[in-house]
Amino acid sequence: MTLDRPGEGATMLKTFTVLLFCIRMSLGMTSIVMDPQPELWIESNYPQAPWENITLWCRSPSRISSKFLLLKDKTQMTWIRPSHKTFQVSFLIGALTESNAGLYRCCYWKETGWSKPSKVLELEAPGQLPKPIFWIQAETPALPGCNVNILCHGWLQDLVFMLFKEGYAEPVDYQVPTGTMAIFSIDNLTPEDEGVYICRTHIQMLPTLWSEPSNPLKLVVAGLYPKPTLTAHPGPIMAPGESLNLRCQGPIYGMTFALMRVEDLEKSFYHKKTIKNEANFFFQSLKIQDTGHYLCFYYDASYRGSLLSDVLKIWVTDTFPKTWLLARPSAVVQMGQNVSLRCRGPVDGVGLALYKKGEDKPLQFLDATSIDDNTSFFLNNVTYSDTGIYSCHYLLTWKTSIRMPSHNTVELMVVDKPPKPSLSAWPSTVFKLGKAITLQCRVSHPVLEFSLEWEERETFQKFSVNGDFIISNVDGKGTGTYSCSYRVETHPNIWSHRSEPLKLMGPAGYLTWNYVLNEAIRLSLIMQLVALLLVVLWIRWKCRRLRIREAWLLGTAQGVTMLFIVTALLCCGLCNGVLIEETEIVMPTPKPELWAETNFPLAPWKNLTLWCRSPSGSTKEFVLLKDGTGWIATRPASEQVRAAFPLGALTQSHTGSYHCHSWEEMAVSEPSEALELVGTDILPKPVISASPTIRGQELQLRCKGWLAGMGFALYKEGEQEPVQQLGAVGREAFFTIQRMEDKDEGNYSCRTHTEKRPFKWSEPSEPLELVIKEMYPKPFFKTWASPVVTPGARVTFNCSTPHQHMSFILYKDGSEIASSDRSWASPGASAAHFLIISVGIGDGGNYSCRYYDFSIWSEPSDPVELVVTEFYPKPTLLAQPGPVVFPGKSVILRCQGTFQGMRFALLQEGAHVPLQFRSVSGNSADFLLHTVGAEDSGNYSCIYYETTMSNRGSYLSMPLMIWVTDTFPKPWLFAEPSSVVPMGQNVTLWCRGPVHGVGYILHKEGEATSMQLWGSTSNDGAFPITNISGTSMGRYSCCYHPDWTSSIKIQPSNTLELLVTGLLPKPSLLAQPGPMVAPGENMTLQCQGELPDSTFVLLKEGAQEPLEQQRPSGYRADFWMPAVRGEDSGIYSCVYYLDSTPFAASNHSDSLEIWVTDKPPKPSLSAWPSTMFKLGKDITLQCRGPLPGVEFVLEHDGEEAPQQFSEDGDFVINNVEGKGIGNYSCSYRLQAYPDIWSEPSDPLELVGAAGPVAQECTVGNIVRSSLIVVVVVALGVVLAIEWKKWPRLRTRGSETDGRDQTIALEECNQEGEPGTPANSPSSTSQRISVELPVPI
């Protein structure tokens, strides 16, 4: 803290001014526990000449210590470590000389370090004792009549202490204590005891050898004058480095003012004498240690002082401490209740403001003078509109650079009953064999109890405190639809709305209706074929018992049924052929990566560790397998989702092939690539792979080793030397063939070596054959939506080609993950759609597709980078030089991330794919928009992601609006809460525009200076005007103020007139024909003033600007409102001001509420817990309307008079003798207008326990039912037609050949009977009957 010089301000006295105030007692504060100081004194064995041999003693006041330190002139002189812990030690000085003279202090060692130093002992030239230390202790409150102790501390034993007072030649008191300190007591303090005191000492045996006098000490008796006031300007809370002025003001002129800080009275004590009745103590550059409680007082020339001022707490901080907000009685309240939001923070003397998320202006204010332990923000008679997230902020009336931190928030929910929770299943909604499912019911606020319901069983109900319910599937009884609800502690009798239903399925997995229908048709066809075969055999062997008519009818029925089934199968096949094929991608768990590390580069096999890393962020466990048998399991070692498997020294027992898997929830990933350890001195052979070979294009071959920092070589079969060779590049290397030709075909392999042993090569990899084949052109590949997606999103890949009837393959990072059969599309095109229903963190990567027809393949498509966001923190996006760019100029968008070595992408709102990509080694990337035009205007954002692990990306940055224009858009100026402000209140003028990151300037008409808000990073700039007065009213405008050089034109905002009210008598406001009118009618609001020649202003509650102004010739203004609408409803008032003093307005008129309605809107009616009566249970009907202050009525069909009235809209219905069943409706009326009733609600039907049960009626059920009906009807028609034909057939057969038919039946009965000769008449007749056809 710096203070001005005495001529300019306050100066700190070198004397100690002591006030007899029990400061901490008067403040009600707890004394600060300070570390006790050690005591330092002198001893000498030469009483006549003590400076001949001096020893300094240092004593710890409260504990023993192992080390003591002696300081001289603030530098270390010597330190002593005694042989055992002790309270005191001695430092031998010897004879006092010029070199020994100086300031001495001592310290002792404690657990936390060195203690505070002792009081200063000054050794001066020989022949004079060091001056004592002098201070005062107050034992009682600082008022006349209290007792005071004056303490004088010397440096030798058995000294004589003398107390002197200014103006007296003789000492007023003396003492000879046994120690080194004397205590002088002044009892019953009076004003005569005021004055300046000093203390001196001398040795008893040398009475003429006096010490130097102590520092003078002023004794001021308080309470003779009234207490002053202490204020801080600009405010009591400031940032380090800012200036502060503490003003102490009293009622008497010409006094001396004193300022002190309670925490350090000796070092923070300042005096200032002025000719006025106030003194300013100026802090030029505040420091953190200036924080504390400050007091001031004043005294006259006779040291008669005033009472202490009130305590003023000064905060010096660069960041405000957080406020906390608490809702009482609960954050979940019912409609119509009152809620208090209690906001508290550690900073005193500052106002508080209550904000609601989504609203710019504060809802309520608490002035600093009105805040105490019982003060809160109140929300009375809450409605649905009060639901939201609230926060509390400090309300500063002065300007400071202190940063505002994030604040504690409270989410207030206003419900007729608590909102529904969320219900999820872990690990999935499908039962696995022998496994249970945990249903998790969750809500964001404290809950008393959760309840789980099972829709298939009405009596089923489980309760849980933590919301977890374990469901087993014993005998298949766990499947079904579940929902949950909860109740809170403040309303234990009210259960919340039910959650969305969640269906649990059996181990068979997910079944679609198409699959069920196809399988049912196939099974029916097989059954029909078997049945037809049995009928034929039955007729063949058992026809003796069956008449021909019955057999024929049965066969006909079977044939017709088969005909319908075959037709249905053909229709399904044709439909499937016409539709474009869409294949759901069952994403495998990402394949992990396996490699080896060692800390012995020259002999890596001496200590080898295998590492397994998964690209997924949800890996629970890793498994390492050797030769597919033995395994070791371990958990991830860090957030990088990798695990170590130490093998130690490699021996023969370690040789083999290693794989690793990652375990996620209930799924195991594919195995990693094999790592084969073949010996103790042989490196494992690497793995070689390549992308598809295309003639004339670049080809990359990937060689993957197993250790870090390896060198690589590429070999081609038939050549002795390596084709390409790379130095130590890592665990993998890429060899490039610039242009693939016929000469490049052949078998390739690669080898590796360690960096320290470049001549020790590994085994060669397995050979890879490169063959150039004739190929179709590459397909067109894209995503239907943006390739930058959030977890859980739905992604569809579209792979298309002009060729027809092709099969498609989808690749991820070069590996095949899905395929599609030939697509029977319309002529001229063929396509396949690959679908990821819910994207996970591990699904990111580079996707591509190919198509093929028999042995001919296409070239790979261009890759699509799928980036899954929300894994890393979001970056920041800035525009350089600024977000407003002149057409034809360039702008740089810098995306600043958190991690280094990432890949950045720039996105524009409305664009399907990212605009630009950048891979950088640092943590930021610059995107250049060159020669921008109007089409480049829009919102931009950016992300960063890692390319080595499934393209896991960050959150999207905050959008940045780029304007390409030659003129800044016009900002908008408005006042909050209104441009009509009462005298003495606060108002904020907001300059808001669409351009972000630009400062604003506020202009007032008639003034040359402007108020500026620099560096605004939000949409708006705030210009607060506190304690508004007549000088604040007038016309205002604002404009942008960019902090970069630009030729873009700047245009001013609208003009805002700021009116100050409370300077004239209030007017009256009336409505003609009345305060309630029907929509479309006309209304006139009449504002009657007290003075002529006035301008009248009409105001509406919630509007920030006046609705209309009029300058009538008389005392009244008529505001005509033609064809009013519903939005004209509200609370109106008016003011007026004189032409001679514009903007100095009257008080507000009394408020007038206007209703524009012919009939209030109809309410809603619902039933709780359901619309079905259960045994012994009542139903509560809840009628809710949009307007407050109403009375509800419930009506029951069949009853002439209304059944019940209610103010809260709840009606309890019982079902005694079945009288509660039926249709209900409700309506309401306004209490202010009891003759106007609303429209009735939609009817609601209550049914009994045996009432109709709702059946699921889906499109699939309708289709299947219709198909069955058609088949049965058609079969019935065919059978009826055939039955009608049979009598004619029978008659015709009897008339023509009845005898032959009888013979045929008899011979059919004798068929196969033994003993019948082949050439007998019977057999002959039989052969004849078989050859004759039966007429039909």
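Using the three backbone atoms N, Cα and C, a Cβ is placed for every residue, glycine included.
Annotated features in Swiss-Prot:
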- 38-122: domain 'Ig-like C2-type 1' (DOMAIN)
- C58-C106: disulfide bond (DISULFID)
- C248-C296: disulfide bond (DISULFID)
- C343-C392: disulfide bond (DISULFID)
- 419-500: domain 'Ig-like C2-type 5' (DOMAIN)
- C441-C484: disulfide bond (DISULFID)
- C703-C750: disulfide bond (DISULFID)
- C799-C849: disulfide bond (DISULFID)
- 873-958: domain 'Ig-like C2-type 9' (DOMAIN)
- C895-C942: disulfide bond (DISULFID)
- 965-1060: domain 'Ig-like C2-type 10' (DOMAIN)
- C1087-C1134: disulfide bond (DISULFID)
- 1161-1242: domain 'Ig-like C2-type 12' (DOMAIN)
- C1183-C1226: disulfide bond (DISULFID)
- 1317-1328: compositional bias 'Polar residues' (COMPBIAS)
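Recorded features from Swiss-Prot, shown on the structure.
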| residue | record | DSSP (3 states) |
| --- | --- | --- |
| C106 | disulfide bond | strand |
| C296 | disulfide bond | strand |
| C392 | disulfide bond | strand |
| C441 | disulfide bond | strand |
| C703 | disulfide bond | strand |
| C849 | disulfide bond | strand |
| C895 | disulfide bond | strand |
| C1087 | disulfide bond | strand |
| C1134 | disulfide bond | strand |
| C1226 | disulfide bond | strand |
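Separating the Cα atoms of C106 (disulfide bond) and C296 (disulfide bond) is a whole-number distance of 34 Å. Ranking the disulfide-bonded residues C343, C750, C895, C942, C1134 by the distance of their Cα atoms from the Cα of C1183 (disulfide bond) places C343 first. Model confidence over the domain 'Ig-like C2-type 12' (1161-1242) stands at 82, taken as the mean pLDDT rounded to a whole number. Sorted by the number of other CB atoms within 10 A, the disulfide-bonded residues C248, C441, C849, C942 start with C441, the lowest. Against the domain 'Ig-like C2-type 9' (873-958), the recorded stretches 38-122, 419-500, 965-1060 differ in Cβ pairs under 8 Å, and the greatest number is found for 965-1060.
Taking H, G and I as helix, E and B as strand and the rest as coil, DSSP gives the domain 'Ig-like C2-type 1' (38-122) the counts 3 helix, 45 strand, 37 coil. Residues near C1226 (disulfide bond) in space but far in sequence (CB under 8 A, at least 6 apart, same chain), listed by position: P1163, L1165, L1181, C1183, F1192, V1193, L1194, E1195, G1209, F1211, P1240, S1241. Its own atom aside, the Cβ of C58 (disulfide bond) has 25 Cβ atoms within 10 angstroms in the protein chains shown.
C392 (disulfide bond) sits 32 Å from C248 (disulfide bond), taking the CA atoms of both as reference points. Look at the domain 'Ig-like C2-type 9' (873-958): DSSP puts its residues at 3 helix, 40 strand, 43 coil.
Across the domain 'Ig-like C2-type 10' (965-1060), DSSP assigns 3 helix, 45 strand, 48 coil. The 10 Å shell around the Cβ of C1183 (disulfide bond) contains 25 further Cβ atoms across the protein chains shown. With respect to C484 (disulfide bond), the closest of these disulfide-bonded residues in Cα terms is C343, chosen from C248, C343, C703, C1087. Across the structure, C296 (disulfide bond) and C441 (disulfide bond) place their CA atoms 60 angstrom apart. Note on proximity: of the disulfide-bonded residues C58, C343, C703, C895, C1087, the one nearest C248 (disulfide bond) is C343, by Cα distance.
Of all the Cβ atoms in the protein chains shown, 27 others lie within 10 Å of the Cβ of C895 (disulfide bond). If you compare Cα positions, C799 (disulfide bond) sits closest to C895 out of the disulfide-bonded residues C58, C343, C895, C1087. Cβ neighbour count for C1087 (disulfide bond): 27 (other Cβ atoms within 10 Å of its Cβ, all protein chains included). Recorded residues C703 (disulfide bond) and C849 (disulfide bond) have their alpha carbons 23 Å apart, per Cα-Cα distance. C1087 (disulfide bond) is 95 Å away from C750 (disulfide bond) when you measure Cα to Cα. Here the disulfide-bonded residues are C343, C750, C799, and the one with the most other Cβ atoms within 10 Å of its Cβ is C750.
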